[in-house]
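Trainee: Here it is, the structure, as structure tokens.
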Amino acid sequence: MAALPLATAEVCDANPHLIMNGELRALHPIFQIYGRRQVFAGPIVTLKVYEDNVLIREFLEEKGHGRVLVVDGGGSMRCAILGGNPVQQAQNNGWAGIVVNGCIRDVDEINGCDIGVRALNSHPMKANKKGMGEKHVPVTIAGTRICDGEWLYADTDGILVSRTELAV
């Protein structure tokens, strides 16, 4: 079940103890906002790839059940690892959002989708298709370690990761 979207600033203000003990972390503000859904939340699925999008596409072909795919693309600015077709598929399959530590392309198409997408930037070149990467592993992006099964909350103020689902 997807989490109710929460205002990230309010969550931080209301939970200083969770911030102090590391259960609630804010990602560094390095991501651009894409997609029509500017506010999204859900349980995290992690993926680690580098300039390869095969595993990303495989995940997004599955039912999302309100989850958020967090992709550590190594911060590469040399090509896009996510494009319009997989984002459309993610929207249709019920994913809440996608966070990419890397680049995307087909920005106009992605901005037309009712899904939340965060990425470092856009790039016109496409990724490799070798199928290399690791699924369900801890990743470190934007100064934060993120694990499979944690919860992500995103809005226009930023992105929070929590060890547990947060209540309103």
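Here, residue 1 is simply the first one shown, and the rest follow in order.
Even glycines carry a Cβ here, placed using N, Cα and C.
When I checked TrEMBL for this same protein, it listed these features:
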type: BINDING; residues: G83, G84, N85, P86, R105; note: substrate binding site
type: BINDING; residues: D106; note: Mg(2+) binding site
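How buried are these features, and what lies next to them?
Mentor: Shown in sequence order, N53, I104, R105, D106, E109, I110, K126 are the residues of the chain, 6+ apart in sequence, with a C-beta less than 8 angstroms from the C-beta of G83 (substrate binding site).
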Trainee: Long-range same-chain neighbours of N85 (substrate binding site), Cβ under 8 Å, sequence gap at least 6?
Mentor: D106
Trainee: Taking the mean position of the Cβ atoms of G83, G84, N85, P86, R105 as the substrate site, which residues outside that list, in the same chain, have a Cβ no more than 8 Å away, listed in sequence order?
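Mentor: Along the chain, the qualifying residues are A80, L82, V87, Q88, I104, D106, E109, I110.
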Trainee: Given the binding-site residues G84, P86, which one's Cβ is surrounded by the fewest other Cβ atoms within 10 Å?
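Mentor: Comparing Cβ neighbours within 10 Å for the binding-site residues G84, P86, G84 has the fewest.
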Trainee: Based on the record's binding annotation for substrate (G83, G84, N85, P86, R105), what whole-number value in Å is the widest Cα to Cα distance?
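Mentor: Max span of the substrate binding residues, Cα based, is 11 Å.
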Trainee: Give me the count of other Cβ atoms within 10 A of the Cβ belonging to R105 (substrate binding site).
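Mentor: Excluding its own Cβ, R105 (substrate binding site) sees 19 Cβ atoms within 10 Å.
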